[in-house]
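Asker: Dropping a structure here in structure tokens format, bear with me for questions.
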């Protein structure tokens, strides 16, 4: 039986108590190979990181004297309904630390590795020994958002949203021309100039103001005269 291999770091134990003659585990096939004997089928399962059981054809094929060996990514434990009668096969399960799958967030549990007896292959967006930690793609630089987008971390993933002044899906963002799209709040007496992600308003010649509010020189002169007039002392007739 395959044992410890310090190069691969795996220990897989096939016990006789997990051998079932004339039975076969279905719906968990990794791949099917042709072998000359039972021992080699076990070796192949050991060498396949996700394999924890196999189905072996008992009698060799008359054509090439080879046995069909089916490598499975699960044992019968927890999948008893998938262990079915099959007179021409024998099922062999290994002791698996992944029966109750300690790995989180849809990650893959591989039995027989590390001192814990298993290792987890994390799904994208997660890390940690049991894949229980979320990657913040926005911080670690794994995001693919546009440079003109904002990145928001989510569980196992992230979202991209174009910054104000830009349009697009977050992965590709185009500058919005507020001037031609009539989205600016410039005065009608101002000139709108588009900039990257924004715009500027400047009053036209003959006008003054902040660009959002512009006054003509004639109107401004009228206001100045009115202010001067309002500031003049008033003659108050003393009552008779």
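Each Cβ is built from the backbone N, Cα and C atoms, and glycine gets one as well.
According to TrEMBL:
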DISULFID  103-120  disulfide bond
DISULFID  122-131  disulfide bond
DOMAIN    94-132  domain 'EGF-like'
DOMAIN    134-174  domain 'EGF-like'
DOMAIN    175-215  domain 'EGF-like'
Asker: Please list, for the domain 'EGF-like' (134-174), how many residues fall into helix, strand and coil according to DSSP.
Answerer: 4 helix, 18 strand, 19 coil
Asker: According to DSSP, which kind of secondary structure is residue 103 (disulfide bond) found in, if we only use helix, strand and coil?
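Answerer: Coil, per DSSP.
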Asker: Between residue 120 (disulfide bond) and residue 131 (disulfide bond), how many Å separate their Cα atoms?
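Answerer: Distance between the two Cα atoms comes out at 7 Å.
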Asker: What is the total of other Cβ atoms whose distance to the Cβ of residue 122 (disulfide bond) is within 10 Å?
Answerer: 21
Asker: Hey, of the disulfide-bonded residues listed (120, 131), which one tops the CB count within 10 A?
Answerer: 120
Asker: From the Cα of residue 122 (disulfide bond) across to the Cα of residue 103 (disulfide bond), what is the distance in angstrom?
Answerer: 8
Asker: Please report the DSSP secondary structure of residue 122 (disulfide bond), reduced to three states.
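Answerer: Once the DSSP labels are grouped into three classes, residue 122 (disulfide bond) ends up as coil.
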Asker: At a C-beta cut-off of under 8 Å, are there same-chain residues at least 6 beyond the domain 'EGF-like' (94-132) that contact it? List them, or none.
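Answerer: Hits for the domain 'EGF-like' (94-132): 9-15, 18, 45-46, 49-50, 52-53, 74-75, 77-78, 155-157.
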Asker: DSSP three-state call for residue 131 (disulfide bond): helix, strand or coil?
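Answerer: In three-state terms, residue 131 (disulfide bond) counts as coil.
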